[in-house]
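Here is the structure we will look at, set down as C-alpha cells.
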Amino acid sequence: MAFTLVAKVVTTLVVLAVIGGMTATIILVVNDANDSGPETTTATSPTDATDPTSPASPTEGPETTPGIVDDSVLYEVGVGIADMTGPCVEINFMGYAEVSQSGQGLHLRQFARSFIFKRGDTRVVLVTAEVQSVGIAVRREVVKKLQEQFGDMYSLRNVIITGTHTHAAPGGHLVDFILDISILGFSQETFNAYVEGITRSIVRAHENIVPARLFYAQTKVANAHRNRSPYSYEANPEEERMRYDGDTDDTLTQVRIQRPDGSLLGVMNWFAVHTTSMNMTNHLVSSDNLGYAALRMEKELNPITVYGRPKVVAGFFSSNLGDVSPNTRDPRCEFSGKVCDNQYQICEHLERCYAQGPGEDMFESTRIIGTKVFEGAWTALNSPAEELTGELGVVHQFVDMPEQVVAKYDPVAQTFNTDEPVKGCFAAMGYSFASGTIDGANTLNITQGTLEANNPLLELVSGVVAEPTPEDIECHAPKPILFATGRANFPLPWHPRIISVSLLWLCGLAVLGVPAEPTTMAGRRMRAVAASVMEGRGVEPRVVVSGLTNEYIHYVATPEEYMIQRYEAASTLYGPNTLDIFLNKFHEFTVAAIEGTDVEAGPEPADHRDSTLSLITPVVFDVAPIGRNFGDCLQQPEARVKRGDLVRATFVAANPRNDLKQEATHAAVQRYELTQWVDYVTDADWDTKFIWTRVSTLLGTSQVTFEWRVPEDALLAPYRLVYYGASRSVLGTVTPFMGASNSFNLD
C-alpha cells in the first residue's frame, strides 16, 4: 500500500462475518512499509524564517509577463482551497497500518487545493488533497455533490483527485476492505470530512474562474530523498539506467498560473518523495513534508493571510515516489545501531531496521525536507518559464486489470513488441508485503526479496483471506502469494479489479494520472512512452507523472524490479506486467489527447459503500469532572515568557470528534490589540500542537493541552491561549464552549 505497512505491526483484519448470529474477528499479522532535467539550481529561501509560521516579509514574487494580454489569453482558470481536516482523535491513521496509531490531536491541518482549467466547452478539475490517497467512493460522492449544484458539468471523467500520501491523517474512507481494516473498518466521519472539504475547494475554484496564462518550469531539488530499494533499481537494464542521473528523480516540475496582467493566481508543483517524514510513532494529524512546503509557499506569496485562506494557492502533487524515501540517513537496527537493509543485512529478532530523516526528530525532519521542496518550487517560480499554449483535454478510462492483454515493452529499444503479448492478473500481495520498508519496518525479521513461501506464520495467515488459483500462482510468478485479495470479496472486495487511469492534457503538458505509487524507473518509462508519442507527432515532450490519482492500488514496479520481490514489487497488485499495461494505456491516451479523439469509457466499477463494516465506536457523551466546567484551565502558562519559549495550557475538554472545526480552529493563540483579544495563531500553524488526552473512557472525561513555540519575531505584547470545544450530552446534544488561559506577557 502506498501506505507503508509497518513491521512490528499487528494489523487487525476486521472480518465481520454475521454467520448464524456470530461475529468473527480474525486477527492477521500484516506489515507494510509503505532524469534528467535542468541543471541543479541552489535555491535560496526568500526569507530568513525557517518555518511557515514566521510572518514572511513581503517578497517581489515571480517574474511576470508585462502588459495586458487580450486575444492571446487562451484559458480560464479557477483556484480554490478548503480545510478537509478529518477527526483528529481516536481514528487510526492510514499509511503504516499500525493499529495502535490512532489520532491524539493535531499538528498541521489537512487542506484540499483545487485547480479548474477551462477552454471553450472543455473543463477539467485537478485536486491535490492532503490525505494518504483518495478512492472511487470519495470521488463519486464529490462528483454527486458537484452535480447537485452544477448539473453534468462535472463527472468522474473530468474530476481528477490526487493524494499527497501523508501517513499522518485519519483513514477508513477508501472502501476497499484491506485498506480500511487497520482503521477498524469504514469511518463515516473521515469519509464525510474529506468529501466536504474536497467539494468545498472545487466549488471555490468554480466561483473564481478568471482568464489566465500557464507557464511551465523545472528545477532540481538536491538531498531531499533517497532510493529505499536500490537492489531493485539495479535490476533494470544498465543501458536504460545510464540515460538518467541517479536512482531517484530530483526534478521538480511546476506550472504557474498568471492573470493576464502578470499577477500570480496559483502554482502547481510535482515532486517525487514519500510523505513519511512523520513516522509510525506519531499521533498528531499532519500534512507532512509536502504539506509544510505548501504552507511555506503560500505564506511567502500571501504574507498577511491566515493559513488555509490564501489568495494565491500553492498545490504540491506526488509523482513517481514508490521507492523514494525522505528518510535520508542510512537504515540501522533499532537497538544495536548496525547498518541494515532488511534483505541481506538483517537485525536481531524483534529489532526493527529503519531509516531516519535529517533532523533530530520527525518534526524537524518534516521541516527540513519540506523546506528543500519549497525552496525548489520557489526557485522554479522565479526562473524563466515556457508558456503553455496548446489544447486542453482529458482522457479517462476504467480498466479491468485481469482482462488486459497488451504488447510487452522493451525498455532498451523503447518499443512495444506486439508479437509478445502479456496479461494482467487478479490482485495479490506477495510475502515481502509483510516486510515493510526502511520507512516503516517490521520486528519479525520478515525480509524483503522473499521468493519462497517459507514463513510458517505468514503461511497460516495467508489461507484465511482466499486461496489463489493455479492460474493466479502462475500469473504472479515469481511472487509467492501472501494474500490473494483479488479473490476475496467478503464483506466487500479487498482490492479493486477495475481501476481508474487518466491523462490530463494541460495545454501541451501531459499529466499522467497513475492510481498508484510508481517506482522511479516505472515513472521514467511512463514519461518516455508519452514523450515518444509527442515527439513523433511534432509536439514538444513535456510530461509529468502524477501518482496516487483517483484510486489506490499500492505500487507499480518494473518487470525487472518485480523479479527481485522487494516491498514495492510484492505490492504490485496485478502481476509482473502491471507496468506494461499502464505503458500501453498511456501510449493510447497520449495519441488520443493529441489527435482530439477519445477512448472507450470502460466498465465502471460497482459501488460498495452499502457493504462497509466498522468497529469504530462513536462518541457517546462528555462529562466535566465534579467541580469543573468544560473549558476550565487546569494548567496555566507562565506569566512572562520569551521568544523561543514553549508555552502551554491544559483545559477540561470534550471529544474533538463532536466538531471537526473545518474552516475554524480547535485552539488559538490570542493577542491583545487595542481593546480586545484577537486570534493571532491557530491550530493550523507549524508552531502549535493540539494534544487531546482521554482521562476516563467510562466517565467520559478528557483534557486538551495546547502548545505554542513562540517565534523569534513575535510582537512584544500580552497573549493568551484559548480552546474552542464542543461537548456531547447523553442525549446527543452538542454544545459549543470556550476556555481561556490567563494572559502572559512576551518580553
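Glycine too: its Cβ is placed from the backbone N, Cα and C atoms.
Marked as region 'Disordered' by TrEMBL: 35-67.
What TrEMBL records for 75-583 is domain 'Neutral/alkaline non-lysosomal ceramidase N-terminal'.
The active site, nucleophile annotation in TrEMBL covers S325. Reduced to three states, the DSSP call for S325 (active site, nucleophile) is strand.
TrEMBL lists 597-745 with the feature domain 'Neutral/alkaline non-lysosomal ceramidase C-terminal'. Across the domain 'Neutral/alkaline non-lysosomal ceramidase C-terminal' (597-745), the DSSP tally of helix, strand and coil residues reads 6 helix, 66 strand, 77 coil.
S325 (active site, nucleophile) has a Cβ environment of 25 other Cβ atoms inside 10 Å.
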